[in-house]
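**Q** Straight out of Swiss-Prot:
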type     : residues         : note
BINDING  : 130-137, 457-464 : ATP binding site
COMPBIAS : 86-95            : compositional bias 'Polar residues'
COMPBIAS : 680-692          : compositional bias 'Basic residues'
DOMAIN   : 98-356           : domain 'ABC transporter 1'
DOMAIN   : 425-640          : domain 'ABC transporter 2'
REGION   : 64-95            : region 'Disordered'
REGION   : 644-692          : region 'Disordered'
Amino acid sequence: MGLSTNLHSLDLRSTFFTGLRTSPIPSNFIKISSISNPRRDISTIRAQVSTISLETSVKQRQDEIESLFSKQPSQQDSDRKRNGKSSKNGASGISSGVKLENIRKSYKGVTVLKDVTWEVKRGEKVGLVGVNGAGKTTQLRIITGQEEPDSGNVIKAKPNMKVAFLSQEFEVSMSKTVREEFMTAFKEEMEITEKLEKVQKAIEGSVDDLDLMGRLLDEFDLLQRRAQAVNLDSVDAKISKLMPELGFAPEDADRLVASFSGGWQMRMSLGKILLQDPDLLLLDEPTNHLDLDTIEWLEGYLQKQDVPMVIISHDRAFLDQLCTKIVETEMGVSRTFEGNYSQYVISKAEWIETQNAAWEKQQKDIDSTKDLIARLGAGANSGRASTAEKKLEKLQEQELIEKPFQRKQMKIRFPERGTSGRSVVNVKNIDFGFEDKMLFKKANLSIERGEKIAILGPNGCGKSTLLKLIMGLEKPVKGEVILGEHNVLPNYFEQNQAEVLDLDKTVLETVCEAAEDWRSDDIKGLLGRCNFKADMLDRKVSLLSGGEKARLAFCKFMVTPSTLLVLDEPTNHLDIPSKEMLEEAINEYQGTVIAVSHDRYFIKQIVNRVIEVEDGCLEDYAGDYNYYLEKNLDARTKELEREAELEEKAPKVKAKSKMSKAEKEARKKQKMQAFQQAKQKSKASKNSKRWN
């Protein structure tokens, strides 16, 4: 690029420091011991200090200008070689993605991961499953380099792999606007933009030094080519395209992040991840704060991506929809199962059945051989005994088959205090809203004993507010909310339940004080199921993490007597076994249940009636979740599309005679659940005309 061409569009001005050069400063420049005339020497010192300041300023200015220039190719190559030495790359046998090999990790003497081996390649979406505390997030942190394994290898397809990681504790800057927050996803692009501005300012200040100006113009040209290479002009377009897909309106771009709820801030974090176009995508509980519409959008978006993907989620429907294989971590050991979550459940049952049979056969061989040795140990049979001993040695030299670990499913029941009257809740013509938004306008709802209701709707539509109105924590502007007169005893689980725990109490005290007619051992068993080990029972609540407090609040909720359960996102911090425990407890509960949840799998298991919050009204679907899908055309269309996609992924169904025992049990369980849902639907249908 010609010098005159570059100068034409720039506002060039002289600068006062052009031409100045620095001089070395002697180490003995100022000697305090030589001062004889204080006033004269102080003046001298001031002059010297002034000279030092000017020369230092010039030196700093020159350093700043030199820092604007890109490294020479030879230096970049050298850096790349140094970086490459510490990376395990594709030469180790993978062409894309990442592979974990024999990973072991301990914390303070407690082994979390004993033997973890699995890999994810381009086009694969791996679901990591396991109970809370199994080490799933630790594996992601090892992949990103945030943690180092005690032993084993992390093999990456290329040394400078771009890994995007959305952790459970997402970070956003409250002082930025939404657009500025999304811009942080483009780190390289923003660095180029910032450097272009600095180089342009340096050019404007170097008109008296043509050599320097020539170098700066070359750098400016190089940066412009880099900007074109990273498609800098498309940054705004990418953000503008993604924002509405995440649910943001165009006018939201200039709103502060702090003005949005936690759920919307989670969307921003997801958006930044999606904008990075990574080589490997790691997602840790991505659906926790999203409504159903956004979860379905996210599923559709991720399904289209070819990038290797690792997902930690307790959302079984989400895992079903996305995953091509499941990696289970149990007792520190990983096992890989092909297919989605539902296929994993069947495959895991088959594996346990096969492993149990092999272990029993091995034990039978060992026991019979030992018995033979004991019977033939003396006299004329000593030769046969020796042969049997060799057989036993051979059996023991082989790799012994371990008995498969089977976690005991704890069965609990919500304590009930009698039976409520037939009428439980009546919402009559209520109006409610805030200054900038009306949530309900002449809304009506009638709930009777024994109904199990899901409240559905997008984030911000008023689902949680409706629960607060029912509980009397909010008052309607017009209309009234009436609880039934006879023995309606609510037990309320709200999203921020953990925030109201007594921080001075211990874990065990917190649950024991809420419980009635519970044995101490049963309470400890419940706490253990929720991942509170024996050494944590006497720990103060103030010392618990956010997730631990949420699980403790759930345990407290589980032991509180009631006739009405009111649940606001109860599954957010629960692992899959805990969700199954909760589902079973709700199904056996004889009282009334009102639940807000984005977990479709959970909703399908428990409800016999659906209320959808839409445009300030309460739309009533007097049947289970499947009935809601049948009647709601948009929801049904999306569900049919998902079912079709799952059908394509699923293996062909075996003939009944060829099914394993595990598969037969799984299908028997599915039929029983379908039968129970049909009964609930029949019971609910009589209420179809109940509300106006």
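Cβ atoms are placed via backbone N, Cα and C, with glycine included.
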**Q** Name, in the order they occur in the sequence, the residues of the same chain whose CB lies under 8 A from the CB of Ala134 (ATP binding site) and which sit 6 or more residues away.
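**A** Long-range Cβ contacts: Val112, Thr329, Glu330.
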**Q** If I restrict to non-local contacts, at least six residues apart, and a C-beta distance under 8 angstroms, what lies near Asn459 (ATP binding site) in its own chain?
**A** Gly247, Ser261, Gly263, Trp264, His289, Leu290, Asp291, Thr294
**Q** Can you check which residues sit near Cys461 (ATP binding site), meaning Cβ under 8 Å from its Cβ, same chain, 6 or more apart in sequence, and list them in order?
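**A** Cys461 (ATP binding site) has long-range Cβ partners Leu439, Val613, Glu614.
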**Q** Any idea what DSSP makes of Asn459 (ATP binding site), helix, strand or coil?
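**A** For Asn459 (ATP binding site) - judged by DSSP and reduced to three states - the answer is coil.
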**Q** If I take every residue in the domain 'ABC transporter 2' (425-640) and average their pLDDT values, what number comes out?
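**A** Summarising the domain 'ABC transporter 2' (425-640) by its mean pLDDT gives 90.
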**Q** Helix, strand or coil at Lys136 (ATP binding site), per DSSP?
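**A** Assignment for Lys136 (ATP binding site) reads helix.
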